């Protein structure tokens, strides 16, 4: 409702009286696709489609080298970046090159690959089902871990000729990593080190308003949002980024709305990039994926999706209740960064996770950081990225 009010005020007074002046000229990347965003800054880009075992067609993007190190044609160490919930590969390239992890890695000599989970803007195709069908959207992060990660990682290993790669996950990108690398030993052997940013397994202590949404009964949630896509990107999101949140008077309102869901850290948000952030987010997922997270909030457990009845769970798991994931079974070396001000990956949940990581190499809690600071914070290079790149160089 407040958004409708704001847009009405802008339409009425903004043009006629010069009120609500923009913070600056718009950023062209707000209206670009992933390949265009990469090449806009002078980096090379390759685009691939990876087909999963169950037929989903995933958009995968590659930055094979940096702007100034193309002369070294030998094999480069490979890094795979996996985004979080309702997000996409654009998260890793949304800031300026010296502030975006994907570009920094490419300039540091790495072969950088960007993944997209099924159902988001860049992975909304299937060999068998149309995105208009309910069947297409019958997935959660279970399937991303079981099918998306193996398909993408195996493709990268085959394409590059590298036996092992570095894996960087943010938010749900860590979740599917924990599942895949603890349940699929063959896949786990292909990972050098797992770099987990704002890691999420249990969400027992999350303080985000999403916690309250999680207690909406499933039947009512489906009545409100349907059974297919959840929070897809729309033209209204673009409008918010270019015409609302880019206004001097309103950027604070937009940033505070973001902070309510992810935790507050005002000084680290580059409001001049709002149009890029909102030009590509949210990128969508399935209603089932969100319901899976709601289930974890209510149960306090890190478990597979509950299909709604003992008989349905028996069909999927051969047991009446969804099985819990055993993170301690993962032997991949892992480095963890979490935020003390993160209300999605709450520090208490992270504290429960850390003892279960049998091969924990490194842990750092950044007290001021919220959930999104790991991908967008202005000081992310100093707090996280430079440290990570140094660790990769020693691996």
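Including glycine, each Cβ sits where the backbone N, Cα and C put it.
Now, the feature entries from Swiss-Prot:
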CARBOHYD  33  N-linked glycosylation site
CARBOHYD  68  N-linked glycosylation site
DOMAIN    77-376  domain 'AB hydrolase-1'
CARBOHYD  98  N-linked glycosylation site
ACT_SITE  171  active site, nucleophile
DISULFID  245-254  disulfide bond
CARBOHYD  270  N-linked glycosylation site
How many neighbouring Cβ atoms, not counting its own, are there within 10 Å of the Cβ of residue 254 (disulfide bond)? 22
Within 10 angstroms of the C-beta of residue 68 (N-linked glycosylation site), what count of other C-beta atoms is obtained when all protein chains are considered? 9
If you count the other Cβ atoms within 10 Å of each Cβ, which of the recorded positions 33, 98, 171, 245 comes out on top? 171
Around the C-beta of residue 270 (N-linked glycosylation site), how many further C-beta atoms are within 10 angstroms, looking at every protein chain? 15
Would you identify the secondary structure of residue 171 (active site, nucleophile) according to DSSP, in three states? coil
